[in-house]
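One structure is given below, encoded as structure tokens.
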Amino acid sequence: MRFSEVIITAAAVSTAAAFDLAALKDSLSSLIPRSLPNITLIPRKDGGKGNCPAIWTTVSSDLTAMFLSGGQCNDDARAAIRAAFHDCGTWNKAQGSTGGCDGSLVLADEAGTRDENNGLQDISAKLLALATKRSVGVADLLQFAGAHAIVTCPGGPQVTTYVGRTDSSTPAPNGLLPDVHASADSLYALFLDKGFDDVDLAALLGAHSTSKQVRFFVNESLAGEPQDSTPGIWDVKYYSETTSPKPGSFVFPSDSGLAAHAVVGKQFKGFVNNQGKWTGKFADAMTRMSLLGVPGGKNNLIDCTKALPKATNLNKRMRAASLFKSRH
């Protein structure tokens with residue numbers, strides 16, 4: 001074929017293609033769907049249920065007034081932290097998506113009828129009254145109040161906090177809360193059955209940094225003694241002072257045993273003088289604690305963490321406080 005014939009042939013093909021553009025357009029259009037298929041979206045951080053209801057900001061203000069005294073967390077705050085644990089801590093793996101954080105501590109009057117909950121009667125009544133006043137769930141308020149109390153303490157972390165649980169007045173099973181006289185091995189096994197490992201258990205114990213021994217616990221004659229020398233502050237003195245107690249501080253037998261435990265004790269000692277490590281591990285474990293027994297976990301709940309007060313840097317708070325101390 002001569003070169004001139006190639007040019008003529010190519011031109012002919014190009015011309016033919018130009019006349020077929022309309023047919024090509026129709027052909028391609030048939031391949032494009034008239035409507036998009038259903039698409040599964042990645043769930044939002046709030047669980048897909050929307051933004052945190054504004055009422056929780058109001059509740060947060062109520063709790064600040066209840067929990068803060070003289071720049072530190074008070075007895076109501078420490079009771080609220082304990083109440084959050086005791087509502088959820090009755091859960092174990094056998095219960096699946098039932099029990100746990102369901103408000104039964106208050107709604108089934110477990111606070112008033114079970115020895116392990118002695119000392120929680122007053123805070124339970126206060127939180128029930130607040131839940132009624134603000135028309136919020138009791139199960140949610142127990143966890144929100146616990147998280148609020150933690151961050152109210154100087155140095156306390158902001159724990160990721162959800163609402164949307166279903167309240168229940170069905171009593172939780174007996175015998176699933178830790179006993180201050182139990183052996184370290186049995187306590188470790190108890191927490192493993194709740195989904196917490198040695199790091200989690202050692203971190204959760206640190207909540208005793210702001211705890212006081214009430215007369216119902218161990219020694220009635222020493223009622224009110226704190227478990228470290230700074231009960232109004234969220235710090236790590238609890239860890240060093242559990243192994244080397246200071247005068248005026250009370251150590252639970254269970255805490256002493258776990259601090260010396262072959263597995264948990266290693267993690268316990270790792271939090272001594274390590275505020276940053278502890279608060280991070282505690283906040284993670286506490287968030288998971290607050291979801292025990294909740295069907296679907298956080299996916300069916302609403303993230304209300306932003307309704308809590310902001311976390312404060314412990315060192316900055318203490319330096320600021322020292323500026324106002326009397327020089328006389």
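Numbering starts at 1 and runs along the chain as displayed.
Just so it is clear, glycine is given a Cβ too, placed from its N, Cα and C backbone atoms.
TrEMBL does not curate its annotations; it predicts them automatically.
The disulfide bond recorded by TrEMBL for Cys153 joins it to Cys73 [selected from Cys52, Cys73, Cys304]. Counting every protein chain shown, the number of other Cβ atoms lying within 10 Å of the Cβ of Asp235 (Ca(2+) 2 binding site) is 23. In this structure, the CA atom of Arg82 (site 'Transition state stabilizer') is 17 Å away from the CA atom of Asp235 (Ca(2+) 2 binding site). In sequence order, Leu105, Glu110, Ala111, Glu116, Asn117, Leu120, Leu177 are the residues of the chain that are 6 or more apart from His86 (active site, proton acceptor) and have a CB within less than 8 Å of its CB. Taking Cα separation as the measure, Asp87 (Ca(2+) 1 binding site) is nearest to His208 of the recorded positions Cys73, Cys153, His208, Ser209, Asp228. Within 8 Å of the centroid defined by the CB atoms of Ser209, Asp228, Thr230, Asp235, the record's Ca(2+) 2 site, lie the Cβ atoms of Thr210, Ser229, Pro231, Ile233, Trp234, Val236, Lys237, Tyr238, Glu241, excluding the listed residues themselves.
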